[in-house]
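J.: Have a look at the structure that comes next, please.
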Amino acid sequence: MHFFQSSLVAATMGAALVAAAPAADLETRGSCTFTSTSALKSGKASCSTITLQNIAVPAGETLDLTGLKTGTTVVFDGTTTFGYKEWEGPLISASGTSITIKQNPGAKIDCDGARWWDGKGGNGGKKKPKFFSAHKLNKSNITGLKVYNTPVHGFSIQSDHLTIKDVLLDNSAGTKLGHNTDAFDVGSSTYITIDGATVYNQDDCLAVNSGEHITFTNGYCNGGHGLSIGSVGGRSNNVVNDVTISNSQVINSQNGARIKTVYGATGSVTGVKFQDISLKGITKYGIVVQQDYENGKPTGKPTNGVKVSDITFEKVTGTVTSSATDIYILCGSGSCTNWTWSGNSVTGGKKSSSCKNVPAGASC
């Protein structure tokens with residue numbers, strides 16, 4: 001028998017009658033509590049509020065929050081865990097319109113990624129499940145989730161008008177063997193806001209590969225690869241427009257503020273603003289724009305098929321390690337134009353002698 005509770009029915013008829021409720025009553029049912037994925041799958045469509053209570057997701061299964069009724073609220077309660085299997089995931093998938101996803105005080109989502117970590121991430125070794133697919137989660141909110149130790153990528157975002165606020169993604173236990181644990185990957189999306197994220201990971205804190213009207217603000221990023229646009233190029237959608245990344249800290253990471261585009265590809269990066277970004281302990285580049293990525297690696301030879309225009313770097317300040325490079329700009333011929341460069345100060349590392357085609361006003 002599927003287990004779920006309805007506050008509208010159980011309050012007067014008792015839990016024993018819930019499973020036997022006629023179909024007509026299912027449409028009016030309000031608050032439902034689920035303790036298993038099977039009960040969630042069969043009962044979610046009838047609920048306006050869903051509480052997920054200490055769910056242990058079986059190995060190789062997705063916690064399926066897709067196709068929810070418009071206006072549904074989902075509440076994580078207790079500890080959510082996942083069985084072990086080598087597969088691509090996702091561990092959680094959500095879709096719908098005007099959905100709210102949040103958690104009760106003290107709740108957490110524990111992926112126990114150490115079971116998969118082998119230092120190779122998505123590049124070999126064990127096949128690792130991605131964490132959260134937020135595809136077609138439109139006009140919705142994800143608030144206050146506490147997420148620990150994703151096996152590989154965190155939130156995959158492909159939605160419109162989605163706000164993610166005050167989310168913790170803590171992969172600090174993966175410092176040695178965690179890899180490709182990107183926190184927020186954004187693609188083919190519009191009007192995305194990520195506000196107040198706290199991230200400890202081993203890859204990009206934010207990566208915007210395509211999309212428009214995207215805001216990342218009040219973030220704290222520790223241990224990963226920094227705040228990134230790209231890599232842009234070579235995908236079905238190669239347009240990034242109107243992205244603001246502001247009031248954020250990047251600590252003990254490879255890069256601070258980064259734009260990277262693919263060698264030989266076409267596309268555009270326009271209207272991107274990095275504003276009030278604080279850097280500390282950066283180990284590779286404080287500010288970096290590279291147009292030379294091929295097969296995921298830099299070639300040192302930039303191309304100009306992806307236009308990088310109307311870019312603002314304003315008050316990106318802080319320190320890099322002595323072996324790092326303060327600023328590195330490697331643009332294709334004529335492809336980096338109309339930049340605003342103001343109040344930036346990155347110190348502690350080396351000055352690059354390999355910058356090319358630096359746009360007017362910027363310094364390298």
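The backbone N, Cα and C atoms fix where each Cβ goes, and this holds for glycine too.
According to Swiss-Prot, the feature N-linked glycosylation site maps to Asn138, Asn141, Asn338, an assignment based on sequence analysis. What Swiss-Prot records for 189-210 is repeat 'PbH1 2'. Feature annotation from Swiss-Prot assigns repeat 'PbH1 4' to 240-261. Per Swiss-Prot, the feature repeat 'PbH1 6' maps to 303-324. What Swiss-Prot lists as signal peptide is 1-20.
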J.: On a simple 10 Å Cβ count over all chains shown, which one of the glycosylation sites Asn141, Asn338 is most densely packed?
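T.: Output for this query is Asn141.
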J.: What parts of the chain pack near the repeat 'PbH1 6' (303-324), using Cβ distances under 8 Å and only residues at least 6 beyond its ends?
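T.: Distant Cβ neighbours of the repeat 'PbH1 6' (303-324) are 232-233, 238, 250, 256-257, 259, 261-287, 289, 291-292, 331-350, 362.
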J.: Against which stretches of its own chain does the repeat 'PbH1 2' (189-210) lie, if we need a Cβ under 8 Å and a gap of at least six residues from its ends?
T.: 121, 153-154, 157-172, 174-175, 178-183, 216-232, 235, 237-240, 243, 245, 250, 253
J.: Would you mind reading off the Cα separation of Asn338 (N-linked glycosylation site) from Asn141 (N-linked glycosylation site), to the nearest angstrom?
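T.: Computed Cα spacing between Asn338 (N-linked glycosylation site) and Asn141 (N-linked glycosylation site) is 35 Å.
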J.: Restricting to the same chain and to sequence separations of six or more, state which residues have a Cβ under 8 Å from that of Asn138 (N-linked glycosylation site).
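T.: Those within reach of Asn138 (N-linked glycosylation site), by Cβ under 8 Å and sequence separation of 6 or more, are Gly96, Thr97, Ser159, Asp160, His161, Leu162.
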